[in-house]
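Scroll down for the structure; my scribbles are underneath it.
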Ligand code: GDP
């Protein structure tokens, strides 16, 4: 500027009309005569000072809030096409950058936050006051402001919106870009305020794009909510004064434009808003309530907390627990983990499902007198079975016609004075098994005492059982037909145990009977009914049926069959039953006479078909309104049962039977007997059961035929029982389960040995010095006949080691068929002393020629066991 000397020259240098400059000079207090007047350096400084001052006065209005710079560059690249020829492609890059003062952004951000808050509050209010039919669709109230604001907003705001939108993408507004004069960027920046207003008039493509967007939005929204406002311009006028709403729009648009992106033109505003909310980062972490059952896997926990399973595993590691995602975690661990991850654990109410069941189980209707349920008890051979048979013969068969009498575990007799239900399983086992399951089945105990034998140990035991069950006793002095019968001896014997007859001043009825001749049976029935009358046994036959399982079995043709004694309500054909872990619809109901009936009232025993499996005697059976619920509860019980089984820490051991007995407590030794034949199973079961003493009782849980399988092992775990294998062996899965769960398994081949050992265990004398240990098992894959050795079993050693000099057993289907020694053990025609697992060998069994393919050869040794262990 130093070479400028006249006003004219200065005006052209500044690009200002001469008159405008003269005016400015005048206002600045510089006196000049005209365009040709010279102008000094000091005058120029004075003018600059004036101009600066003038500009600073109007800062508020004139300084733009943002500056947009646009740049376009061209280049060329060489590309080769599929034909291998190259071609040149022109590239045009358009850049647009908008500068906005930080203070402006902050201000906008604050406004946006405030707006978002208000919006949230509004939405909260709406949600709490109105029922949203479709949660995807915003309510009319929340759309309204957006709708009107969009169309009414000032063009200035629209430009602003465009500029922001374009910041994200390379602008499509070619026209606008063409107006850009690159060399004058700085100057343009200074004059932006003016240019912006120009662009408003020009109606840039961006602006019209926004309009499109706006009207799209408008149309979409208005179609649903405001059919009367089709034109955006119309609503513009009507709502213009609504300053608050206008402000709100500004914020909405500033927010939403981030997401409009390339499809700004097509995407309705509503969608943009939805997205905005979708991306809104929660200001506080979401605390979830995590319901924790007895056990839960890491994967399930992850799902409940809405986190990745890997995250849970990582957290567990931090807690020092190495777990896979499918590994079940115990409740305590799960609680700690959930708390650690910032959520709220909630323990699952164990019997919540059961509780809901019980709620509907309340007894409905008037209670009417019901038949008493009687169990016959007494010493062995005193005539329990005979008495039950006698009553059944005389009362059931004669009383009903039609069906064939069958054993269903209980039967009902009819007499003129009333009905009585007899539990058809004599003895104490069934009674105690039911009681152990918490089932109160028996109302009255008929104590059978043989008049020729008097009070015996099991008579006393029966008295104790009856007392424990709080069931009154009616004494049947049996075998009075016998000449040597002495009823008074019985009375005396029982009086010694506080069972005093009415004649002797007590309150117990004594009835002399003969199961053989039938004498006194009617009197016995009368006495039972009298006892029942005093007890005022009542039940309602209305409402949901409830009962107890007396026995169950698996029938080849019918499937699972169970006898239920209905205790309240009426059981009907078609009802959905839940019992223990089994469910099912009652497909058929049969009485003890084999008659099919449609419904059973309280105290009626019925055999039902239709259950999913065989429930246990003593299991409660209830009718559930819906099948799904029944299954749900059954599954819940199943999982609980599994957990309980696994939770068992101390499996029963024959040796340490007395280790944990408290003084004065009767220890019960539970046995599961498996034998090669039915006769052995029965003999063992009876002999072992008779070993019961005052201190310890033997309870045979099951006595069956066949190899020991996994089910037996599981049963042993559940019942804390010892398994006795008589000439049978455990199969592979059972052996694995035995090792895993530490079940005590004893093999015997001589009944006497089994009895002897159990006897010693019962008296606390068992000091096992030698124990058999199976060291190897080979499977016979082929049998060769050798003139020298006879039958040679071409075998594969599948477990352990086969030793030439150890005793062996030959097993067929896990049943011992031969016991002896090896005659030869060969490998590749060479005699060897031992062969290890995974190796083939030839085995010759001494004095046994009947070995077959599929047999197993078991090698064992007798090892000394330290009794202190
Ligand atoms: P439980 O072991 O108590 O069931 O006794 P049982 O019913 O099996 O009877 C044992 C034995 O006593 C059988 O041989 C019966 O025949 C016999 N018995 C049962 N009741 C009578 C009876 O009233 N009179 C006679 N003389 N024998 C009877």
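Cβ coordinates come from backbone N, Cα and C, glycine included.
Quick look at what TrEMBL annotates:
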- 378-385, 424-428, 478-481: GTP binding site (BINDING)
- 117-128: compositional bias 'Basic and acidic residues' (COMPBIAS)
- 129-142: compositional bias 'Polar residues' (COMPBIAS)
- 157-167: compositional bias 'Basic and acidic residues' (COMPBIAS)
- 192-201: compositional bias 'Basic and acidic residues' (COMPBIAS)
- 225-250: compositional bias 'Basic and acidic residues' (COMPBIAS)
- 261-270: compositional bias 'Basic residues' (COMPBIAS)
- 369-538: domain 'Tr-type G' (DOMAIN)
- 117-167: region 'Disordered' (REGION)
- 192-270: region 'Disordered' (REGION)
- 372-520: region 'G-domain' (REGION)
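Recorded features from TrEMBL, shown on the structure.
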residue: 378; record: GTP binding site; DSSP class: strand
residue: 384; record: GTP binding site; DSSP class: helix
residue: 425; record: GTP binding site; DSSP class: coil
residue: 480; record: GTP binding site; DSSP class: coil
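The region 'G-domain' (372-520): residue composition by secondary structure is 49 helix, 37 strand, 63 coil, according to DSSP. Along the domain 'Tr-type G' (369-538), the predicted structure has mean pLDDT 87. 381, 384 are the binding-site residues among 381, 384, 425, 428 whose C-beta comes within less than 6 Å of an atom of ligand 1, given in sequence order. For residue 381 (GTP binding site), the Cβ neighbour count at a 10 Å cut-off comes to 13, with all displayed protein chains included. Ranking the binding-site residues 384, 428 by how many Cβ atoms sit within 10 Å of each one's Cβ puts 384 at the top.
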